[in-house]
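Q: Handing you a structure now.
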Protein chains: 2
Amino acid sequence: MVELSTTKDGIPNQAEASDRVLQILSEAGRLFATKGYDGTSMRDIAVACGISKSLLYHHFSNKDEIYARVAVGSTLELYLFVRDRVPDGPPSQKIRAFMVATAEYFRRYRWAWIASTTAFWNDPDRHRQKERLTRRDRFENFLRGLIQEAIDAGEIRKVDVPMTGRLILSSLNWMHRWYNPNKSATPEQIADIFFDMVFNGLRSGDAAAPPPAEPPKSSRRKARQTSRS
Amino acid sequence: MVELSTTKDGIPNQAEASDRVLQILSEAGRLFATKGYDGTSMRDIAVACGISKSLLYHHFSNKDEIYARVAVGSTLELYLFVRDRVPDGPPSQKIRAFMVATAEYFRRYRWAWIASTTAFWNDPDRHRQKERLTRRDRFENFLRGLIQEAIDAGEIRKVDVPMTGRLILSSLNWMHRWYNPNKSATPEQIADIFFDMVFNGLRSGDAAAPPPAEPPKSSRRKARQTSRS
């Protein structure tokens, strides 16, 4: 897979990317996410980086080139990042690992994630939009495969697989709208809580129906930590 | 509450709104959602409506006035719309009604919904953004109240209330990204399936844990219908 190392601003550290390029991608991601593609100029990006426009043009020939790296680049590595973090084991635990890894990716590359998700409705480049959707499909199909595996293994009841995948992805994809990095729960802990809720259900053991089982130990510990935040 | 009647393009039919104004709001909503605020001009809106720019200016003095009606207007009525559709009864069924009503609102006012949600990161007007967040909070607090009620009644186990609210809202808020009006499942049916999954859990009765109860009859019927789509 593509080797990713963390950078302070959350852009994947690709082989050819210098610190300067990473800084540009990170600041540009933040501007695209908050001001939109049209609302962001090369000048804005240079100012945000504290560099001259000519130095910015030394690295990127135009705004579109920067945008392509930010918006498409982030979904490019997501699949590989998550796939490599799903271990062998019971299928339902693979789904949990899928959710936690996606949340970790979100935490590490948050502004690129937001820029990419914001581009969905208003990316002027149709070809790029199609490419991004193809990558999203690969990611989503990977999850659907895990859900089907869990059904085949008898761990999950016979639910609608695409709909289950959408519920799980919704919980992760909407996180950028409310997640606050200054609060104590990490995205990974939140993903863990969501897995517990969706897998075990909200219904109480005191309700008419039979009680749901206790969630796995690690899940319970994290849920307790974060419920106090 | 504000009386809403459906219009073909999904904008709330307010008292003072003529057919022409509704057409303008609907076309503008679609343009804002797909091209962004900055990417949409008064000229674009006039062309989309098949009217002259002067006629457009007869109804709205500038783009910002149209935008405010589209983006803020849709969250204004959401709370009232949903509140009036949550009946008395067991708290968990109120949560289900909340979800189905939100989905109905989404189906009826889809482009205004999308325009509003797209505006989140890049609305140039901070004051308006704050107003929208206040309204979102009222809507979210209403749901949290229902969840707390269900916990107090022993229908839902002692989960983290804000986190549960976020999981439920995520499933509804992300729908605009994948929902296809040409497929057979309606947003209301999808909301019903999501309620069943979250309330009863995905875990199979064959798994080591005790089996989850059967979902309510109406929920099962709809789940079967849509799982074939």
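Quick reminder: no glycine exception, Cβ is built from N, Cα and C everywhere.
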Q: Identify the DNA-binding region range according to TrEMBL, selecting from A:41-60, A:101-120.
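A: It is A:41-60 that TrEMBL annotates as DNA-binding region.
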Q: The DNA-binding region (A:41-60): which same-chain residues, six or more beyond its ends, come within Cβ distance under 8 Å?
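A: Long-range Cβ neighbours of the DNA-binding region (A:41-60): 20-21, 23-24, 27-28, 30-31, 35, 66.
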Q: Going by DSSP assignments with H, G and I as helix and E and B as strand, what are the residue counts for the DNA-binding region (A:41-60)?
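A: Helix (H, G, I), strand (E, B), coil: 15 helix, 0 strand, 5 coil.
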